[in-house]
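First comes the structure, then the notes that go with it.
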Amino acid sequence: MKKTLWFYVLVALQAAFLIVMSVGFYAMDEWGETINLKTEPVDPRDPFYGDYVVLNYQVESFPSSKWEGKDDVERGDKVYLLLENEEDGVSSLIKASDHPLDPDANQIVVESRMEWRDQYNDNYRVDLGLDRYYVEENTGREWEQAEDRIVTIVLAPWGQKKIQSVR
Amino acid sequence: MNHSQIAKESKKWVEEEIITDSQRHQLLERYPKRGQKPLLLTFAAIFIGLGFLTFIASNWSRMDDLVRMGIIIGFLIAFYVAGERIYTKYSNTLGVSFILIALLIFGSGIFLIGQMYHYTSYSAFPFFIWAIAACGLYVLWKEWTFFISAIGIITVGQIYSGFVYQQLHFLMALLFLVVLGVVVYRSKEASLTLMFGISYLIQSLILVLSEDLNYYWLMVFFLTLYLADDLVVKKGEVRVFKTLSVIAVFTLHVFGVFLLGQEWITNASESSFLFFLLWAVLFVGAVIRAALSSTNYYWADLILFVPVFKFPIGDAISLGVLFLYSLIWLIFGYRTEVSRWVNKGTATFLFTTFLAYFQLAWDFMNRSVFFFTGGILLFLLSFFLERKRRQVHKGGRAE
């Protein structure tokens, strides 16, 4: 009897885990903070791969002057980006580091992962993990026209983030 | 009593003229065949399940996210509940397979929902959660199926983690060592120990490769497995961990023969203090273990666990280690007339000879001459070794 009880506890936990994964997505709209980020023109050779747009955020690459972390940062390491909201409503990068940064008012910290350090051009590239935006099928043409866009991103207090809209 | 039992017994009764043949049939009709029902039911369930699956698969992209969620959760719970009911009431195997399907739904559900909601994961965390569920099922039901599932999920998850994220998932490794390790320690079941050992070796390889550790760290992991053997061995059974670790370390030396002489392996020469410390502690442990052993030859394996670094003659030293190892087993085998040891010594000696020959002669010998000479060399060697071995098998003295 006790075993059956524990079994159903285990089953409930599994269902709950899946549900929480889903609820987090909807709850972000309620408790998350939104920021706007500019994307660079997408790679013209292959802007579409399947039915999603590839997004290159401007804040994802920056010169080494904005880097405040250790030199031997490795691919996949956590990188904190300090963003500031500018007058046109778009956020831009103030500095980046591999240790946590303190935001002032009007500033926000976003987590990303180190991609690579380009020593030749002296800049860094990180990955926000939001490089794909799924669009409805057969709407590719419309998306191809626009060159750079403003993407609205929601950041949840628990570290989750998602794309809200692409303009 | 069931149908088949009655059928078997009543045949004898007819032969002994206790009942007539028609009475036998009457009796048999009173006990309908029970076995067929679950079988038919199983097929029915599989067909309905397949119908649902194909329907869902073809309409998946058109469904709303919440509908998809409902389907995943619904199937998950339905299969778990059905599995539990069937297990306790009808058949253990069928129940286990239902619960196994539910476990698979849970795993694929994590990935499907992750995809639906654009989750980006930076580690093998989904596999970790999935493995916890599998371990939990094993702890509750004590069915080997779930243990094997847990090992499978963890191993695949670690390989995935190594390839995609260039790291070993440490929490998953901890889960593996603590939960599954305790199971292996308690059960002392050779086949489970074997699976655990192989997964351990794969994970240590991933750790060394992904963390850019020097290759000789493998020696520490292999030696740990070697020493852990005493914990999981059942009296009179095969020493699984010991055999696995010896095979692994032997293979490592074989790679050493080929690679340690190469110029491009540069970072392998730097040595670390921590490695020496750990290795020394384990090695001393192994020596003490060998001294306590009832058979005096236990320490022969230890030769293989001497690490070889990248010296100018590192490859030759690796080769020397392999030769020494096989010769010791050969000599021990002949002296004690234990044919198992003679076989082990013969096989490794032949292999090492071939390796040495390949390493030394490949570069400057004509290819056909290389193979001819090698073949003749191996033939002669195996002839003498085989003759010796037979003497041992016959129980004659090998002088």
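Glycine residues also receive a Cβ, built from the backbone N, Cα and C atoms like all the rest.
Segment annotation: TrEMBL labels transmembrane segment over residues B:341-362 (candidates B:187-208, B:341-362). Same-chain neighbours of the transmembrane segment (B:319-334): 250, 253-254, 257, 297, 300-301, 303-304, 306, 308, 340-346, 348-349, 351-352, 355-356, 359, 385, 388, 392, 398, counting only residues six or more beyond its ends whose CB sits under 8 Å from a CB of the stretch.
The residues of the domain 'DUF2157' (B:12-141), classed with DSSP into helix (H, G, I), strand (E, B) and coil, number 108 helix, 0 strand, 22 coil.
The stretch in B:66-82, B:119-139, B:167-185, B:215-233, B:240-261 that contributes the largest number of Cβ pairs under 8 Å to the transmembrane segment (B:341-362) is B:240-261. A Cβ distance under 8 Å defines the sequence-distant neighbours of the transmembrane segment (B:215-233), meaning residues of its chain 6+ beyond its ends; these are 184-185, 188, 193, 197, 200-201, 204-205, 207-208, 239-242, 244-246, 248-249, 252, 255, 268, 275, 278-279, 282-283, 285-286, 289, 301, 305, 307-309. Remote same-chain residues near the transmembrane segment (B:94-113) are listed as 38, 42, 68-69, 72-73, 75-76, 79-80, 82-88, 119, 126, 129-130, 133-134, 137, 141, 143, 145-146, 149, 153 (criterion: CB distance under 8 Å, separation of at least six residues from the stretch ends).
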